[in-house]
C-alpha cells in the first residue's frame, strides 16, 4: 500500500541512506501531499529520524534524491524548518527561552545581520502560540521536558516556514503539552503548512495524522491514515525482522562495499 | 655506526641498566594505557601526568631531599587528587568531563610550574635536576632512582597480569561485571591507582608534558593490529619497549637531545604507520580492500555481460568481440581490456580469433552473478515492495556480495522462484 | 611600568582565550583546545627558522595553519583511520609537540626559544623587547601590539559571527537544517583558536593558554545562564587572574604564567563552591528547607 500523489510537497526517489556503509534505509520511493499532517511511524531502529534527516539533506544519500516543492533542497532551505529531538542539545546551555526562539530568525537574516524588532515580535508571538510567553526570560536549564519541547516548537514557528520536520515532538512530554502541540499542528495544517512528524505511539496515530508513512528499514506503506493503519500493514512493519536485509547490510559494511557501483 | 655497535653490544654496564630501566618504564605505562584507552579515558592520563608536578615539588619542599620514594609519594598524592577532582567537578556541577580534564591539567601544572620556579629561584643547590620531570631523561636514571622506578614498573606489570581477567571485564562491560558479582568499584580504584603509578614512573622516561603519549599511543597503535585484548597488551608492551630502547640509544648518542620527545616521536611514528598500514583496520588496507571490491565488481560484471550475451544467443560458448562487449555496457575500454585479460588468466574466459568466450567455469560464475542479481530484485520487490523498475540499481551492488549461505536463505524465503520481477528466468 | 606591560599582556591573552574558551567548553572541545595549543609548536619553530623573527605576520599565519591542520589530523585519524576520538587527540598533539621540542634542540643556536619557555613562556621579558620607531619614539613592547591586534580580530570575529556561532554551538543540526554551515563556523573557530595560541605562545607558554581557554570560561559558566554575560564574565575572570597572578608570582618569586594559571584555578574553585546559583555549598543551603 504505497500511494503516490500528484504535485507532492516532498518527493523522495529511490533513496538509500547508509551509516558507515551499512544501509539503514533501502530504496525509499515516497511522495507526500501538501497541507497535511504526516506521521512517520515504525519500530525503534527503523530509520524514522534518518528518513527526515535525509529529506532535509542533513545526511548524505547513498543513492536517489529528494525534492521539496519540486526543487533541490539547497534552493528551498528558507522554507524548511526542523524540530530536532529534545535530547539532541545540551539544555544546560547558557541561553534564555527567548534566545532560543529568536534563533528561528537566523536563517532568513543572513550573515552579520542582527535580529530586528520585527523578528523579536515574531519570536514573542510564537511563544504565545505555545503558551510560553511568560517564560520568555527563563533560563532553558530550568524548563521541564514538555516546556523544552514547546520552546523548540516556538522556534520553528517563529521561522514561519512552509514545511516542518519534527523528530519525536511527543516523546516524554506531559498530556497538557501533547494536546497543546497537536492543536497547534492542526492550526498549522489549516494554514496550508505541511508537517512531517516522527512518532512512535500507534494509539494516537489514527487520531493525529491525515497521512501515515510506515517504515522499517524500507517503506512498508504510505497513504491516508485510515487506509494505512491496518492490522496487516502494521504486522508487516513491526513483526518479523528482515534478517536477510540486515545481514546484507552488515556484509556491505564489513567488506567496505560502495552503496552504488561506480 | 660505531656508537650503534657500542650501544647494542650492551658491553657497558651503565648502558645495560639504562636500557633495562627505560624498557620497564615504557612497557608498564603502555600496558596500563591499554586499559585506560579501552575505558575511553585516555586523556585522563594526560591530566594525571601534569598533576604529578606539584606533588614532586611539594615533596621536595617539605622533605628537602630528592629521595625517589619521597618524590614518588608526592607525585602519587597529587596525581590521585587530580583524578578525584575531575570526578568531583563533573559529578557535582554542570561542567562536562573534557572541560574538567583540561581545567585540572592546566591548573595543577600551573601550580607545579609556580612551585618549581620558586624552588629554582630559592637558590637551594639540591634542587638541580627536578626540572627533568618536565621532559624526562632516561640516561640520567641511575642508582637508587633506577632501582626504585624499575621496582614500581615490575610491580605494575605483575598486578596487571594478576588482575587481567577482572580488568578486562571492567573495560569490556562494566554493567555485566557488576551483575556477576565483580567488585567493580574496587576494580576501578585499582585501575586508577595503576594509572597514577604508570604515570609516575613513565614520567621518568618522557616527562610530564608528553606522558600522555606513553599511555595512549602504544595502546592506540596496538589496537589496530588485533581485536584480542591479551594480544593487544603484548603488542603495546613491545611497542613501548622498542621506544624505550630507542630513547636510551638517543640519550647515549646525543646527550644534548631531550630523550622524551624522541621516544614520543618514535612511538608516534609506529602508531601512525599502524593507522595507515595495519592489515585489516589500517586506512591503506581499507582503501586496498575497496579497490579489490572494484576489481571484483568489474570482473563479475564482465562475466555477467558475457552470460547475458550467451542467453540472447542461447549458446554460452560463442565468442564475442571487444566491440560487442563495449556496446552492451558503457565501461571504459581500458578497464574492459584489463578485466578481460585478468579473467583469462584465472581461466574464466578464453580468447579465440573471433573474440572472447566463456569457459565452463566462467559460465558458472556468470550464471551465479545473474542468479543473485535476479534473486535480489525479486527479494526487493516482494519483501520491500519496491517498484520493479527501481530494483535493478540496488541489485547491481548486492549481486557481488551475497554469500552462499545468504543465497540459500534467499532461495528459501522466496520459495525457490523461477522468474524475476522482469519475468526473466532465474538460472 | 614593567608590571603594567606584563599585566596588560596577560590581560590581552586572557581576553582572546577566555572568549574563545566559552565556545570550546560548550562544544565539549576543551581538550581540542589543549591539543591545538601544544601542536602549534613545530609551526612556530619552522616559521621562526624561515623568517627569523617572532612577531611577524607569516609566523602567525604559518603556525596558525598548523593549528587548523591539527584539527584536520584529529578528524582524519578519527574518521578515516577510525582511531577512537580521545586517542586521536592524544596521539596527534603529543606527536606534533615532540617534533617541536626536537626542532628546538636541533636548531638550538638559530631559534630563540627554549624548552622551558615553550611550557611557561617568558612574560617577564615582554617589556624588554620594545618597538622603537626610526624617529626614536618608544611605542612600548612589540608583543603587546601583536596581541592587541589579535584581540581586536577575535572580538570582531565574535561580534560579526555572534548569532551563527551561538546557534552552531547550541544546536548544529537545526543550524544545518536552516542553511547555516556548521563546518564553516567550526573551522573558523579553530582558526581563531590557533591564531590566538600562536600569538600568546611565547609570552605565556602552552599551559597558560590552556588554562586561559578553559578556566575563566568554566568559572563564568557556573556563574551565569546568559551567554553574553558568560562571555563578559570570563574576560573579567581572565583579567583579574592576570593581575592577581602577577603579584602572586612577585610575592613568591616564581613563574608568572604558573601563578596566573594557579589563580584561574582558585577562581574556578570559588565559583564551584560559592556561585549564588550553582555553588555546591550554596546549593546545599537552598535544598535544606525542601527536605523537611
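Note that Cβ sites are derived from N, Cα and C of the backbone, with glycine treated the same way.
Quick look at what TrEMBL lists:
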DOMAIN    B:359-427  domain 'Iron dependent repressor metal binding and dimerisation'
TRANSMEM  B:15-38  transmembrane segment
TRANSMEM  B:43-63  transmembrane segment
TRANSMEM  B:69-89  transmembrane segment
TRANSMEM  B:101-119  transmembrane segment
TRANSMEM  B:146-164  transmembrane segment
TRANSMEM  B:184-203  transmembrane segment
TRANSMEM  B:209-225  transmembrane segment
TRANSMEM  B:232-250  transmembrane segment
TRANSMEM  B:262-284  transmembrane segment
Message = Cβ pairs under 8 Å only, please: of the recorded stretches B:69-89, B:146-164, B:262-284, which one is richest in them relative to the transmembrane segment (B:209-225)?
response = B:262-284
Ask   = Given the model, what does the mean pLDDT over the domain 'Iron dependent repressor metal binding and dimerisation' (B:359-427) come out as?
value = 85
Query = Per the 3+ Cβ pairs under 8 Å rule, pairs at least 6 apart in sequence, do the transmembrane segment (B:101-119) and the transmembrane segment (B:69-89) touch?
reply = yes
Message = Treating G and I as helix alongside H, and B as strand alongside E, what does DSSP give for the domain 'Iron dependent repressor metal binding and dimerisation' (B:359-427) in helix, strand and coil?
response = 42 helix, 2 strand, 25 coil
Inquiry  = Could you check whether the transmembrane segment (B:232-250) and the transmembrane segment (B:15-38) come into contact, where contact means at least 3 Cβ pairs under 8 Å with the two residues of each pair 6 or more apart in sequence?
reply    = yes
Message = With pairs fewer than 6 apart in sequence excluded, do the transmembrane segment (B:15-38) and the transmembrane segment (B:146-164) have three or more C-beta pairs that lie under 8 Å?
response = yes
